[in-house]
Each structure stands twice: as C-alpha cells, then as structure tokens.
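The following features are taken from Swiss-Prot:
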ACT_SITE  Glu129  active site, proton donor/acceptor
BINDING   Lys101, Ser102, Ser103, Leu104, Gly105, Arg106, Asp119, Thr127, Leu128, Glu129, Gln148, Tyr162, Gln174  dCTP binding site
REGION    163-190  region 'Disordered'
SITE      Gly116, Phe117  site 'Important for bifunctional activity'
Amino acid sequence: MLLSDRDIRAEFQAGRLGLDPFDDSLIQPSSVDVRLDNLFRVFNNTRYTHIDPAQRQDDLTSLVEPKEGEPFVLHPGEFVLGATLERCTLPDDLAGRLEGKSSLGRLGLLTHSTAGFIDPGFSGHITLELSNVANLPITLWPGMKIGQLCLLRLTSPAQHPYGSSQVGSKYQGQRGPTPSKSYQNFVKSN
C-alpha cells in the first residue's frame with residue numbers, strides 16, 4: 001500500500017521514518033521530495049578498457065565536488081553517480097521507491113537507471129544514477145529537488161531487513177554517491 005501525505009507525516013511523528021535534514025514542506029500527496037547533495041562520482045574513461053562487474057575496479061570513478069555556489073554540468077550522453085542530500089532511514093515494514101521529478105524528466109534528466117528500490121531497514125544516503133538523454137548540457141545544482149521518495153507498507157515486517165547480518169547489506173550507512181560493489185557477491189554460472 002502506497003502511503004499518503006497523512007501516513008508519511010504520521011511515520012515521521014512516530015519516529016519510525018527518518019529523513020535528515022527533514023523539511024515538512026517537501027511532503028507531497030503520496031511522496032517526499034528529496035534534494036541533490038553536492039558530491040558526484042564521474043567515470044574515469046581512460047583507466048580501464050571495459051567495466052567488469054565481477055572485478056573490483058577502485059579507480060573506475062572519481063569523487064568530484066563543484067565549487068560552492070556552482071552547479072555540476074552533466075553533458076549529453078553522460079552518466080554520473082550523485083546522492084540525496086537527505087539521509088534516509090526506513091523501518092522494517094516500509095520500503096521505498098525513488099522516482100524522478102516530472103519537470104526534470106521533461107528536460108532529459110534521468111534520476112536512476114535501474115536501482116530505484118530501497119529495502120526496508122535501509123539507512124543512508126540514496127545513490128542516484130544520473131543520465132542526460134537531452135542534446136544540451138544540464139546544470140545540476142546542489143540542494144535542488146532531484147526526485148521523490150514513495151513509501152510502501154509491507155504486508156508484514158521483513159524477517160531479515162536490510163542491514164541485518166543475513167542479507168549482506170553492502171550499502172548500509174553509505175554517505176555520498178557510492179560506487180558499485182557488485183564484485184562482492186558476483187556469481188558466475190558454469
């Protein structure tokens with residue numbers, strides 16, 4: 001069940017749902033707007049001949065921070081990692097779904113390529129997979145509204161929420177745009 005603005009406020013007031021920093025004006029009818037942090041991970045296109053999800057490739061991305069008061073410019077066809085300004089903490093019976101903002105999508109900005117789902121129990125900054133599919137550069141301003149977090153109530157609390165030892169929660173507690181850790185649980189079939 002998708003939570004309404006009333007349900008979202010009740011979850012915040014009960015201390016079960018966390019967004020830090022919290023701004024009540026960001027609550028929408030069935031979501032909460034999230035804002036863009038000031039850190040980005042850009043791909044180093046000359047360090048590797050290809051990306052291999054089975055291998056640890058520490059130098060695949062570099063952390064970039066625009067000068068204060070300046071935007072990050074995302075050029076056509078580029079892909080970078082960003083993060084939400086807010087640290088998100090979900091209880092074991094709520095899951096999240098990150099969606100893009102319609103107004104930004106109409107400019108050619110994709111907020112996430114594939115990983116828009118946030119497991120119950122997750123706590124950390126949400127990594128964004130930002131792509132510019134327009135034919136002009138797009139300026140990304142730290143602090144701008146970048147997406148909306150929809151919250152879904154599970155039919156029962158998760159037995160092993162994200163962050164529990166049984167799940168192998170490699171992104172729990174992440175701060176800033178976190179590079180892929182796919183190599184940690186990559187399985188090759190024979």
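Note: Cβ is positioned from N, Cα and C throughout, glycine not excepted.
Neighbour counts were taken as the number of other C-beta atoms within 10 angstroms of each residue's C-beta; across the recorded positions Gly105, Gly116, the minimum falls on Gly105. When the Cα atoms are compared, Leu128 (dCTP binding site) and Phe117 (site 'Important for bifunctional activity') turn out to be 11 Å apart.
Gln148 (dCTP binding site) carries a strand DSSP state (E or B). Around the Cβ of the residue listed as 'active site, proton donor/acceptor', the same chain contributes Phe79, Leu81, Leu110, Thr111, His112, Ser113, Thr114, Ala115, each under 8 angstroms and 6 or more positions distant in sequence. Phe117 (site 'Important for bifunctional activity') has Lys101 as its nearest neighbour among the binding-site residues Lys101, Ser103, Gly105, going by CA to CA distance. Fewest Cβ neighbours within 10 Å among the binding-site residues Ser103, Gln148, Gln174: that distinction goes to Ser103. Of the candidate binding-site residues, Lys101, Gly105, Gln148, Gln174, the one lying closest to Gly116 (site 'Important for bifunctional activity') when CA atoms are compared is Gln148. Counted within 10 Å of its Cβ, the other Cβ atoms near Leu128 (dCTP binding site) come to 27, all protein chains included.
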